[in-house]
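K.L.:
Annotations for this protein, taken from Swiss-Prot, read as follows:
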- His315: active site, tele-AMP-histidine intermediate (ACT_SITE)
- Gln100, His289, Met290, Ser291, Asp292: ATP binding site (BINDING)
Amino acid sequence: MIEIDGSFGEGGGQILRTSVALSAVTLKPVRIFNIRAKRKNPGLRRQHMVAVKALAEMTDAEVRGLELGSTEIVFIPKTLKAGTFRFDIGTAGSVSLVLQAVTPAALFAPGEVRVQLRGGTDVPMSPPVDYLRFVFYPLLERFGAKTELVLKRRGHYPKGGGEVEFASRPVDSLTQWGEVERGEVLKVRGLSHCVKLPKHVAERQAKAAEEVLKKSGLKNVDIDLEWYPPERDPHLGPGSGIVLWAITERSLLGADSLGARGKRAERVGEEAARKLLEDLSTGKALDRHMSDMIVPYVSLACGRTEVGGAALTMHAWTHVHVVKKFLPELEVEISGELNKPFVMRVKGVCWQR
């Protein structure tokens, strides 16, 4: 059985999600201890439990220790299944983090997988669902992944109530992909939304972001608005946010910012724009989030690649550490300092369904 110390690196929930995701793909049993050891409230929270439950259902797994606050679980998968699965994370637990855990297993399932999730789509400490829709899954397509993510309803902190539907078709293996440099920025797209709030909130977020981007010299900027009149607003809300993504010659890079009580709409827009410009300024092909989220996919894919990331996060280091436990033949070499631009050279294991 593979043993994973959950206090390694950044010591958060990502170690748990990645470990159980790769256990589901490889069907190798795993014991994870010291779960979220470096967090103020260690142990499993509801969204972590739902991620494990989802993968347990997809693999007929035996799971021990799965309860709120637990700092150790054992996950013993039996067989990877296709089908339709429904999970309610409750209130504003992150649907994006659950989807990150489920996606690798869904791709290697023996048939189509559909996952319906309720929870938070736009919540702190988690990629917003629009980042997955417009950056993460489109980049996975370059590996040959066939996925679809439909946003049914948004859910913000603290009430949640969001709904998404994810679907994937199986792959026999992933085609390797990677770029070091992003190439020229062709255009910047964005989506600024607000629910249970006046329309001007979404407009001001978009306008502020556009001004920062254009002032930097970017010309082709187009940010869509999403807003609902009170009589047709199905959300629990209130909440707002913006996601921006740069379409470049060789890649996609994204950035986001969430609204909050007392935070001016202009600040939300400016924050997202500055994050995007900061990552674009490195010239690398991947933004700081994708630099980490791509690790399992370049590892499972067939062949060698090089990817350039805007910032080497502790998340990325942690990801590599965990993936190597499940794929010992994996070769990874990282050139760069923590929180600085970096290049990762990978020889994937060519995992076959």
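The backbone N, Cα and C atoms fix where each Cβ goes, glycine too.
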K.L.:
Would you count the other C-beta atoms found within 10 angstroms of the C-beta of His315 (active site, tele-AMP-histidine intermediate) for me?
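P.N.:
Other Cβ atoms within 10 Å of His315 (active site, tele-AMP-histidine intermediate): 21.
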K.L.:
Return only the integer: C-alpha distance in Å from Asp292 (ATP binding site) to the residue listed as 'active site, tele-AMP-histidine intermediate'.
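P.N.:
Pair distance, Cα basis, whole Å: 6 Å.
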K.L.:
Starting from each candidate's C-beta and looking 10 angstroms out, tell me which of the binding-site residues Gln100, Ser291 has the most other C-beta atoms.
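P.N.:
Its Cβ has the most other Cβ atoms within 10 Å: Ser291.
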K.L.:
Consider each pair of residues in Gln100, His289, Met290, Ser291, Asp292, all listed by the record as binding ATP, and report the largest Cα separation in Å as a whole number.
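P.N.:
Pairwise Cα check on Gln100, His289, Met290, Ser291, Asp292 gives a maximum of 14 Å.
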K.L.:
Roughly how many Å separate the Cα of the residue listed as 'active site, tele-AMP-histidine intermediate' from that of His289 (ATP binding site), to the nearest whole number?
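P.N.:
Their Cα atoms are separated by 9 Å.
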K.L.:
Give me the sequence-ordered set of same-chain residues, not including Gln100, His289, Met290, Ser291, Asp292, with a C-beta within 8 angstroms of the centroid of the ATP site's C-beta atoms.
P.N.:
Pro127, Phe136, Leu286, Asp287, Arg288, Met293, Ile294, Val295, His315, Ala316
